[in-house]
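Taken verbatim from TrEMBL:
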- 65-85: transmembrane segment (TRANSMEM)
- 91-116: transmembrane segment (TRANSMEM)
- 128-150: transmembrane segment (TRANSMEM)
- 188-209: transmembrane segment (TRANSMEM)
- 216-238: transmembrane segment (TRANSMEM)
- 258-278: transmembrane segment (TRANSMEM)
- 299-322: transmembrane segment (TRANSMEM)
- 342-365: transmembrane segment (TRANSMEM)
């Protein structure tokens, strides 16, 4: 673990990553450094002053509560809900999947309150990494930060590939035509998804250019995605039947009622759909760029979770009204429920917008995690640098965006 003492100037000179010999010297002292720093805690004041100064320039405070709400909604409402709804309804909760989403949303909201309290008290870009660093120490923070960054990078690569599939569905072209096959590589690892690479590169350029412009792009894409979700909800309620809330297609084979599997099925369904709420934590990493943290962060983080909960419950209700729960496709519920090629294409377009917003928010979050980890000295402080013109963590953004290219499955 690298040395993290001193101000911005001395930290650069004494960093374990300042030269290869300095790194080897630091490596030889790993046991003693680990014993010293593993449980050492930082303070809110240090995170907001001395450590923040290691970035050189400051991130510009340009975001308001509506930006945070849009970032939260965009980060959560991706393509996941189009899969989890079918599995939870068909296998666990039945029509009561609506309550499963409500319970999962309440749990996510309680967690969001925790993020909100920390972000208001310590409005820096570190998110969970900084929160753990001031409570449990540097080693716990490092493990969490490293896992979060890897999770973001891996999931972003998978999400970018998913965009190719949904885009192909939307325009009626097989996604395999956009993938370049590389000979002599193992099967399953021999295709380069050119569209996914282009999407990640484009998003990297956007987040490097400006946080304000990134938010505007997210607001536009999120608005388009909400329009699509409204279409799905309206179509479900319009074409569906209320009897599907209580009657399966084969009553002699499947249990009937709104709670076909009882309360346990509802809670198991809630655990299955909770992953659809993942993404609000990325909003807390934007705290350093919020104009009025005390006012804007609580509205942004908690408000986005509340809005998404309402949207998810309405989507689940429209799905349950459209089909008996035993006929809901566990893998692709909405695509299978709406018969007709044109509807599948509309779903492909809407899911594509959702993927772009979730990818944009995730890439914003991962760059800010990496920036603050760099400030702590655990990784080279090069990652902590904020560009004086764009006021964004360009080094961290570019590095992680490029690293995503090498994680495409």
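Cβ from N, Cα, C; glycine included.
Relative to the transmembrane segment (216-238), the listed stretch 342-365 leads the set 65-85, 91-116, 128-150, 258-278, 342-365 in CB pairs under 8 A. Counting Cβ pairs under 8 Å to the transmembrane segment (258-278), the stretch among 91-116, 188-209, 299-322, 342-365 with the most such contacts is 91-116.
Using a cut-off of 8 Å between Cβ atoms, the transmembrane segment (342-365) and the transmembrane segment (91-116) share fewer than three residue pairs, counting only pairs 6 or more apart in sequence.
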